[in-house]
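Following: one structure in structure tokens, then a few remarks.
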Amino acid sequence: MSRVSQARNLGKYFLLIDNMLVVLGFFVVFPLISIRFIDQMGWAAVMVGIALGLRQFIQQGLGIFGGAIADRFGAKPMIVTGMLMRAAGFATMGIAHEPWLLWFSCFLSGLGGTLFDPPRSALVVKLIRPEQRGRFFSLLMMQDSAGAVIGALLGSWLLQYDFRLVCATGAILFILCALFNAWLLPAWKLSTVRTPVREGMRRVMSDKRFVTYVLTLAGYYMLAVQVMLMLPIMVNDIAGSPAAVKWMYAIEACLSLTLLYPIARWSEKRFRLEHRLMAGLLVMSLSMIPIGMVGNLQQLFTLICAFYIGSVIAEPARETLSASLADARARGSYMGFSRLGLAIGGAIGYIGGGWLFDMGKALTQPELPWMMLGIIGFITFLALGWQFSHKRTPRRMLEPGA
């Protein structure tokens, strides 16, 4: 085995272990934020939505800067610093009793994410061969789902005792992750050339095809982020207990572990990437509309199943398409900018979703936020169809198995 092949093989295992630690640390804390501050402390949903939206926007909106800096200085220092910063954010969240302190903790968490997330994504592009990326992204998503359930179960159990224990556990996991990267991650360059920060950013911004694709995905993310805000609130409201939230993530894990990899393997040879992305988005949109009208957990979990199936179809295609479109001379910058759609869509989804949820309750129209999200999903579906029908993306990057 050549040294390059050996490095790629070892890199896969490193990425999988690193990803599991990050997912566990995140999901111990974040699914419980809405339950802690809305249900237990009685805050308005929009206040918590602002906090979650701020974290999302900081982490993803500034990703191009984190990616460009990583292109210049390498992945390791950015990843280690970012993970320590997120640990500090979680520690601060544990003592948050005023909205401004929750917002500050989410700001720190998001800033840490903008440092470590783009270089981690760029390492996947660097280490995994193009023909294997779709399947590797599917493996990461399966791992994300399993980690989400384990993290949510652990967080829900700790929440019975003290929210500070929840945050301390998340902080410790990110400190361990920082030490793991500091010890084992080689000083790899992300790009084929050492690209200056401004040059990497300029290269991305001049790529109109990539910019259009990323911004169009904002609507997709408005739906996707509700697994952190409105879906847990809805489950808690109908069940009458925050313990039921863990079953929502158990459903996601079961579907991902059983369907994600087989669907990705089967569809990658038969359907173009944009068709898989659009099909998944359509299923997600259709499942959102009736959620506000359900009256029991069985109906709600059925719709959540449909939503997750849509995500299982769409996510590997979205990640693979983003990676395929990245310029090898500025991988960090491209993968950082690819998060901008999540920044915009996530911020609007959290803040707008929280506001619509409060508004729906005030007007006794609980279906209002869900209907709006479904409409946004359909608009995004049409926008993606228009974009791809105009051949804005090179055909070879969209072909099955590309």
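Indices start at 1 and increase along the chain as displayed.
Cβ atoms are placed via backbone N, Cα and C, with glycine included.
Mean pLDDT for the topological domain 'Cytoplasmic' (1-12) in this predicted model: 63. Annotation source Swiss-Prot lists topological domain 'Cytoplasmic' at 1-12 (among others), citing sequence analysis.
Annotation comment: Swiss-Prot describes 34-98 (among others) as topological domain 'Periplasmic'.
The topological domain 'Cytoplasmic' annotation in Swiss-Prot covers 117-138 (among others).
Annotation comment: Swiss-Prot describes 160-164 (among others) as topological domain 'Periplasmic', evidence class sequence analysis.
The topological domain 'Cytoplasmic' annotation in Swiss-Prot covers 186-213 (among others), and the record cites sequence analysis as its basis.
Long-range contacts of the topological domain 'Periplasmic' (235-243) within the same chain: residues 32, 35, 39, 156, 159, 294-297, 300, 304, each at least 6 residues beyond the stretch ends and with a Cβ under 8 Å from a Cβ of the stretch. The topological domain 'Periplasmic' annotation in Swiss-Prot covers 235-243 (among others) and is backed by sequence analysis.
The topological domain 'Cytoplasmic' annotation in Swiss-Prot covers 265-276 (among others) and is backed by sequence analysis.
As annotated by Swiss-Prot, topological domain 'Cytoplasmic' applies to 321-339 (among others), with the evidence given as sequence analysis.
Sorting each residue of the topological domain 'Periplasmic' (361-367) by its DSSP state yields 2 helix, 0 strand, 5 coil. Summarising the annotation, Swiss-Prot assigns topological domain 'Periplasmic' to 361-367 (among others) and lists sequence analysis as the type of evidence.
Sequence annotations record features per position, and here Swiss-Prot assigns topological domain 'Cytoplasmic' to 389-402 (among others).
The transmembrane segment annotation in Swiss-Prot covers 13-33 (among others), and the record cites sequence analysis as its basis.
Residues or ranges marked as transmembrane segment in Swiss-Prot: 99-116 (among others).
Annotated transmembrane segment per Swiss-Prot: 139-159 (among others), in sequence order, evidence recorded as sequence analysis. Sequence-distant contacts of the transmembrane segment (139-159), counting only residues of its own chain at least 6 positions beyond either end whose CB sits under 8 Å from a CB of the stretch, comprise 15-16, 19-20, 23-29, 31-32, 35-36, 124, 165-166, 169-170, 242-243, 245-246, 249-250, 252-253, 255-257, 260-261, 312, 315-316.
The list of residues near the transmembrane segment (165-185) in space but at least 6 beyond its ends in sequence, with Cβ under 8 angstroms from a Cβ of it, reads 14, 17-18, 21-22, 24-26, 28-29, 32, 36, 75-76, 79-80, 83-84, 86-88, 90-91, 93-94, 112, 154-155, 158-159. What Swiss-Prot lists as transmembrane segment is 165-185 (among others), and the listing cites sequence analysis.
Under the heading transmembrane segment, Swiss-Prot lists 214-234 (among others).
Long-range contacts of the transmembrane segment (244-264) within the same chain: residues 27, 31-32, 35, 134-135, 137-139, 141-142, 144-146, 148-149, 152-153, 156, 227, 231-232, 235-236, 238, 297, 301, 304-305, 308-309, 312-313, 316, each at least 6 residues beyond the stretch ends and with a Cβ under 8 Å from a Cβ of the stretch. What Swiss-Prot lists as transmembrane segment is 244-264 (among others).
Between the transmembrane segment (340-360) and the transmembrane segment (214-234), three or more CB pairs separated by 6 or more residues in sequence fall under 8 Å, so the two stretches touch. Here the transmembrane segment (277-297) has Cβ contacts under 8 Å with residues 220, 223-224, 226, 231, 234-235, 238-239, 244, 271, 303-304, 306-307, 309-315, 317-318, 321, 360, 365-371, 373-374, 376-378, 380-381, 384-385, 388 of the same chain, all six or more residues outside its ends. If you look at the topological domain 'Periplasmic' (361-367), the same-chain residues 6 or more away from its ends with a CB under 8 A from one of its CBs are 291-293.
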